[in-house]
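Annotation source Swiss-Prot lists active site at His224, Lys226, Asp231, His404, Lys406, Asp411, citing sequence analysis. According to Swiss-Prot, the feature domain 'PLD phosphodiesterase 1' maps to 219-246. Marked as domain 'PLD phosphodiesterase 2' by Swiss-Prot on the basis of sequence analysis: 399-426. Here Swiss-Prot flags 3-23, 38-58 as transmembrane segment.
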Amino acid sequence: MTTFYTVVSWLVILGYWVLIAGVTLRILMKRRAVPSAMAWLLIIYILPLVGIIAYLSVGELHLGKRRAERARAMWPSTAKWLNDLKACKHIFAQENSSVASSLFKLCERRQGIAGVKGNQLQLLTDSDDVMQALIRDIQLARHNIEMVFYIWQPGGMADQVAESLMAAARRGIHCRLMLDSAGSVAFFRSPWAAMMRNAGIEVVEALKVNLMRVFLRRMDLRQHRKMVMIDNYIAYTGSMNMVDPRFFKQDAGVGQWVDLMARMEGPVATAMGIVYSCDWEIETGKRILPPPPDVNIMPFEQASGHTIHTIASGPGFPEDLIHQALLTATYAAREYLIMTTPYFVPSDDLLHAICTAAQRGVDVSIILPRKNDSLLVGWASRAFFSELLAAGVKIYQFEGGLLHTKSVLVDGELSLVGTVNLDMRSLWLNFEITLVIDDTGFGADLAAVQDDYISRSRLLDARLWVKRPLWQRITERLFYFFSPLL
């Protein structure tokens, strides 16, 4: 009996070290960023069982076998559709401004199409204005409505949007709604999901959370896009979820969420439509390619329109493109660079680019919320402040609520707005969308919004920052070490 237990003990020990060695080898062979690899190895060797389970759950990008097969299967038809779109040469911009030229070339070569011109674009910064405009457009819809949101929280004006969408479905408009399973858990637990389906709306719970499949697909891979397309001509995107700020997370202690949305008319809706069709096919297996370009692209005034490129990121889309786009935009800055984001945990490359821009004389400002709904990200963000301040970057802490806007403005002409936070999750994991706009008029509108944010912010004083308590510095460094995993 003693011999038996001895053999079992040695087998357990051997299996333990084989498992650790196997996971270690897998981490090293994945060619991931060094800080990320080191953070994972530290967790695994300090807390082996916890670390191994965590790594197998969220350490690698698993879309899931069925979704991965759908993603591969959809690309031949999607590629053909994109080639057909290229035949509509009149919608594509032939030239871009000097500050935007490199970024637009990058997007064209990586995504296969150039930026589209002739779009009408309006910035909306008030949640009531966004929802009222959306309700009007839904009421005027003639053919189809497609929506995707990370969060749909019942209550307030969000219910009015839901009512208008159900009314549209009842009068024969083809309505599709895709919501992230984790972000919209309150919606799927409410009567609204059944009510919408009964009204004729196709409601899809994207990336459904299932603990039984935790090792087969990353549960923290989320559908983070916020998009609305109406009649293949009107489109919305930006940072705002389908929530009424007066009813959303009121117990979080951060104030109302402050967002920005863009309402567009023109060919950009077609580009966003193909992104939505890919998401829909990956999730449901059903192919819903937008109508042929020559059918849905309506006349437009080229002289007064905006040139826009759409960047889609996430599994199945060009890898690392949004990260490359942010780096390219940052290095293109010559006069000033303004960034707004609720969550700031940049890659080493992006941090270096921002600091380098400030050190070569660019006026660099980053606007962050003073209070954050994520304790982990809040502390991790602070770990970067010293390096930014030393480089000459201005850090503004917004005091008017939780600033949720994701925007970048370069030299008043090149703008990026969308759903991407400046953190690892948005840059390399989630399904996201970003608009790249080459236009001084839109740049002026975005600058006015950012100036308003600055007027409601407090500039971080570098002299006071270095005097913060020791315990805060220790906490910041702790979270900084694990920032590659956040």
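All positions are counted from 1 along the displayed chain.
Note: Cβ is positioned from N, Cα and C throughout, glycine not excepted.
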Residue numbers, six or more beyond the limits of the domain 'PLD phosphodiesterase 2' (399-426), whose CB comes under 8 Å of its CB atoms: 36, 97, 99-100, 103, 150, 220, 224-226, 237-240, 245, 252, 254-260, 262, 311, 313, 322, 325-326, 329-330, 332-347, 350, 367-373, 377, 432-440, 442-444, 446-447, 449-450, 453, 456-458, 483-486
Residues satisfying Cβ distance under 8 Å from His404 (active site), sequence separation of at least 6: Ser239, Met240, Trp257, Val258, Asp259, Pro342, Pro369
His224 (active site) versus active-site residues Asp231, Lys406, Asp411 - nearest by Cα: Lys406
Cα-to-Cα gap, Asp231 (active site) vs Asp411 (active site), nearest whole Å: 34
Number of other Cβ atoms within 10 Å of the Cβ of Asp411 (active site) across all protein chains: 20
Packing count at Lys226 (active site) (other Cβ atoms within 10 Å of its Cβ): 23
